Amino acid sequence: MTQQTELVTLSAAQMAEAINAGEVSSRELVEAQLAAIDAAEPSIQAFLQVSRDQALQQADDFDARRQSGDVDGLPELAGVPIAVKDMIVTKGIATTAASKILEGWIPPYDATVVRKLKHAGMPILGKTNLDEFAQGSSTEHSAYQTTHNPWDTSRVPGGSGGGSASAVAAFEAPLALGTDTGGSIRQPGALTGTVGVKPTYGGVSRFGAIAMASSLDQIGPVSRTVLDAALLHEVIGGYDERDSTSIPKPLGKLADAAREGQRQDLHGMRVGLVKEIGGEGFQPGVEARFREAVSALEAMGAEVVEVSCPHFSYSLGAYYIIMPSEVSSNLARYDGMRYGLRVMPPEGKAQTAANMMAATREQGFGDEVKRRIILGTYALSAGYYDAWYGSAQKVRTLIIRDFAQAFEQVDVLVSPTSPSTAFKFGEKMDDPLTMYLNDVATIPANLAGVPAMSIPAGLSDDGLPVGFQFFAPQMKDEVMYKPAAALEAALLEQQHGPIWQSMNTPWLDGLNK
Amino acid sequence: MPTFTREEIEHLGDLARIALTDDEITRLQGELNVIAESIAKVQEVAGEDVPPTANPVPLEAYLRPDVAERPLTQEEALAAAPATESGMFVAPRILGEE
């Protein structure tokens with residue numbers, strides 16, 4: 001058997017190739033990942049739950065199926081293990097959304113994406129940490145634990161999907177699923193040097209994704225390479241009759257686009273720099289790597305022009321009205337009646353249903369969730385609805401128009417993913433507004449429903465990863481995979497290897513001993 | 001420009017069914033005023049001629065064949081309930097004593 005350290009540092013596509021060549025079994029891959037998880041978790045804490053027995057069983061089932069030659073219709077990634085953000089329900093595996101209000105809840109059904117992973121023979125390693133109900137940009141708002149950035153364990157991995165991003169960056173899993181409402185896949189991708197994709201709204205079923213802000217939420221891939229993200233996107237994407245916002249059309253050829261991009265020829269592609277994302281508030285090291293990456297796109301033949309999206313400066317404001325409004329509505333279901341936490345009112349208070357709900361929600365929700373529910377309750381209340389929610393919905397139209405005009409001039413738009421590299425624990429916890437600014441570059445894509453992805457663009461002067469973001473038009477996700485894979489390949493040559501070569505991974509030294 | 005008073009935060013807590021503590025109300029009052037100030041600027045560009053967007057990818061409503069599926073069993077539906085009796089959810093009483 002191949003050394004476990006070598007196995008876990010393979011890309012998902014390489015793992016799939018090794019399975020197909022008969023060099024490794026799914027069980028061996030799962031065992032290697034479980035060993036990496038055991039070694040890494042004391043310092044990383046990316047997982048809320050490791051589903052060891054189920055993962056091994058799923059691997060054995062796949063290996064038996066492969067042995068018998070019954071592999072028709074299985075995708076390329078069949079047999080490759082994956083981690084799942086704990087915002088996505090898994091039948092028989094506790095799902096908490098990192099909230100005390102759902103502590104110990106075992107869902108009676110699978111999300112559509114989880115069902116697809118199971119059909120694909122992809123073993124599920126466990127559930128990853130997040131900010132409570134995916135609300136935050138550092139994963140510090142988890143009610144259970146703090147996830148550490150493998151590049152520097154005194155720093156946050158970003159959020160809300162810090163667990164998925166750290167698990168993939170630290171080689172605990174080759175792939176993970178995330179959810180992205182305002183940047184929760186892409187910003188952690190940027191901060192951990194991994195790839196994160198938010199598909200077109202409606203491109204991946206949300207059935208079984210715990211609802212945060214339903215008009216913005218989207219499930220998407222987390223990986224270490226662009227091709228791996230494309231392959232996973234093809235596994236989870238496509239129409240689902242259980243989600244009324246699911247697009248009834250087939251996906252584009254995403255992996256083909258990524259493979260074409262690897263040839264590093266971008267002649268005929270028009271790339272737009274979004275004038276309004278950057279400058280004030282963006283670290284010089286982030287902007288420097290961004291400019292170098294743009295030069296690399298030009299060197300491969302892309303035509304680069306500056307494009308103006310004048311209403312993007314209003315997107316953060318619109319987002320912090322629409323998102324909390326939908327949060328206040330969606331999280332009304334946690335009422336202590338049918339599942340989750342129930343706390344009866346203190347003695348002396350009437351023991352009524354209403355008081356039970358208030359006591360349950362007071363104890364079960366954390367600070368950030370309460371903040372957003374209260375703000376959203378306000379924005380939707382009589383007398384304020386038009387001025388707040390109505391205005392924000394109009395801004396949404398203006399942002400969609402900005403994208404439409406931009407995409408008349410160019411094929412893809414680009415920007416830095418996050419204004420800064422990974423920050424220290426506690427640095428932004430006392431100042432919600434500063435925390436919210438982390439998502440200033442990622443939010444426009446959610447408001448407009450367009451696909452966007454972050455890929456690593458090298459290290460800043462502080463030695464931490466920088467993210468480079470691509471946006472494509474709605475339902476044209478394949479259009480961004482080509483330049484993303486091209487840039488990844490060009491940077492790989494420039495830097496003589498993947499970004500993670502510069503990362504210290506003491507936890508991997510312990511494998512095979 | 002909205003300015004949140006203590007009474008308003010308490011009222012919002014009631015509407016949202018969260019029994020906020022005094023400390024939380026004080027903290028939320030400060031935070032929400034800062035947040036509200038920064039997001040109120042959306043009103044600058046929300047002119048009357050701009051239509052609102054609810055779903056960024058508008059789809060037509062459609063019908064699909066009515067095919068029977070097995071739903072959750074009663075046991076599965078009740079499995080995570082805080083309190084059950086005779087196959088039903090048990091809720092605290094709805095009305096107060098007065």
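Glycine too: its Cβ is placed from the backbone N, Cα and C atoms.
What TrEMBL says about this protein:
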ACT_SITE  A:LYS85  active site, charge relay system
ACT_SITE  A:SER160  active site, charge relay system
ACT_SITE  A:SER184  active site, acyl-ester intermediate
DOMAIN    A:28-478  domain 'Amidase'
Study note, to complete from the structure: In three-state DSSP terms, A:SER160 (active site, charge relay system) is classed as coil
Point to revise | Same chain, 6+ residues apart, C-beta under 8 Å of the C-beta of A:SER160 (active site, charge relay system), given in sequence order | key: A:MET87, A:LEU130, A:ASP131, A:ALA134, A:GLN135, A:GLY136, A:SER137, A:THR139, A:HIS141, A:THR179, A:THR181, A:SER184, A:PRO188
Exercise for review: List nothing but the one residue from A:LYS85, A:SER184 whose Cβ has the fewest other Cβ atoms within 10 Å; the candidates are the active-site residues.
Suggested key: A:LYS85
Check your understanding: Could you give the mean pLDDT over the domain 'Amidase' (A:28-478), rounded to a whole number?
Key -> 96
